[in-house]
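Engineer: There's a structure below that I have some questions on.
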Amino acid sequence: MAKAKFERTKPHCNIGTIGHVDHGKTSLTAAITKVLAESGGATFRAYDSIDAAPEERARGITIATAHVEYETANRHYAHVDCPGHADYVKNMITGAAQMDGAILVVSAADGPMPQTREHILLARQVGVPALVVFLNKMDMADPDLVELVEMEVRDLLSKYEFPGDDIPIIKGSALCALEDSNAELGREAILKLMEAVDSYIPQPERPKDKPFLMPVEDVFSISGRGTVVTGRVERGIIKVGDEVEIVGLKATVKTTVTGVEMFRKLLDQGEAGDNIGALLRGTKREDVERGQVLAAPGSITPHTNFSGSVYILNKEEGGRHTPFFTNYRPQFYFRTTDVTGVVTLPEGVEMVMPGDNVTVSVELIAPIAMDEGLRFAIREGGRTVGSGVVASITK
């Protein structure tokens, strides 16, 4: 069966749900599809279908990142339902990196929890430009306490340099929307939320004119067709027939893109912001891996040595409890993967304490496609302990 062609009529925006486990992120995602389905802007996706990977069911928590698409009168959205559990922060980092904006879900009955804070911090680190808040479970909350919860959320957002006073906070109940009970807390609140998302989350400026680059998230081999790599196009445009380089981790290789698809529909081209699959000519599944990038030939080079300006989380933010010294060996999380690196502190700096800002030199054990301004997280065994940006490339 031929694939339906994806028509691009409305501006496209990538958003997602973030927040503490069990505050209702997946229920809200389902509720949005249900309410927008009434106007033909979505196909209803039940909670179970969004929470679908087998290991998730067993634990009742969302591990994988689910992709849902829907549209409002103004925009087409690709929505990722991010993992909510602390154990899965690694997945959140890859999920949150795919967002032009996010809906922070906070249970009005419980208020901000440790992962609420962690996700706001992560959103700040991975550069999510704008957040909108949905105070969920209003059907179960004590009305007198809701105002306090709202103030608490605004303070927390301001603390992590989001404009806490200006961010829209919509109160409602995903459950009411799903069960068609209380319309004010259910359907109407969801419509209000989507209005806020439409107007408050800025239309992302797509760096379409820059040279093509797509971080590799996943690699599949499709029998009879070849190797498909998937990811979100970071910048530029990719057309069928374009030459690309596979850069990072190993020697750079040239190949040709023989097909581009999005949401399982064929495209003439993929552009910045699109989540696509690219079919590569003559490339074996084992030639490409997560952590590499596809890029316009000559536009980006792999490097192991750079100086980075970093912020090390303090203990209260879930960071280290002790200082580190020269020769510290954490993992550096670039785009989609962790690479171990050795840190050298600047002259005259004996040690770095949790909560410090410092410029460090790093030598990675494998080369990563990088240019100045590339952001990264510093992690130890899956826990984020710092964040930084490449200040200059030294080798």
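Positions of Cβ are set from backbone N, Cα and C atoms, glycine also.
Remember, predicted model here, so these are calculated numbers, not experimental data.
Quick paste from Swiss-Prot:
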type	residues	note
BINDING	19-26, 81-85, 136-139	GTP binding site
BINDING	T26	Mg(2+) binding site
DOMAIN	10-205	domain 'tr-type G'
REGION	19-26	region 'G1'
REGION	60-64	region 'G2'
REGION	81-84	region 'G3'
REGION	136-139	region 'G4'
Engineer: Please give me the CB contact count at 10 A for the residue listed as 'Mg(2+) binding site', counting all chains in the structure.
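Structural biologist: Cβ-Cβ neighbours of the residue listed as 'Mg(2+) binding site' within 10 Å number 23.
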Engineer: Within the region 'G1' (19-26), count helix residues (DSSP H, G, I), strand residues (E, B) and coil residues, in that order.
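Structural biologist: Breakdown, helix to coil: 2 helix, 1 strand, 5 coil.
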Engineer: With every protein chain in view, how many other Cβ atoms are within 10 Å of the Cβ of K25 (GTP binding site)?
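Structural biologist: Taking all protein chains shown, K25 (GTP binding site) has 28 Cβ neighbours within 10 Å.
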Engineer: Cβ distance under 8 Å to M138 (GTP binding site), same chain, sequence separation 6 or more: which residues?
Structural biologist: A108, V146, K171, G172, S173, L185, A189
Engineer: Including all protein chains shown, what's the count of other C-beta atoms within 10 A of the C-beta of D22 (GTP binding site)?
Structural biologist: 17
Engineer: G19 (GTP binding site) to the residue listed as 'Mg(2+) binding site': how many Å between their Cα atoms?
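Structural biologist: With distance taken Cα to Cα, the residue listed as 'Mg(2+) binding site' is 10 Å from G19 (GTP binding site).
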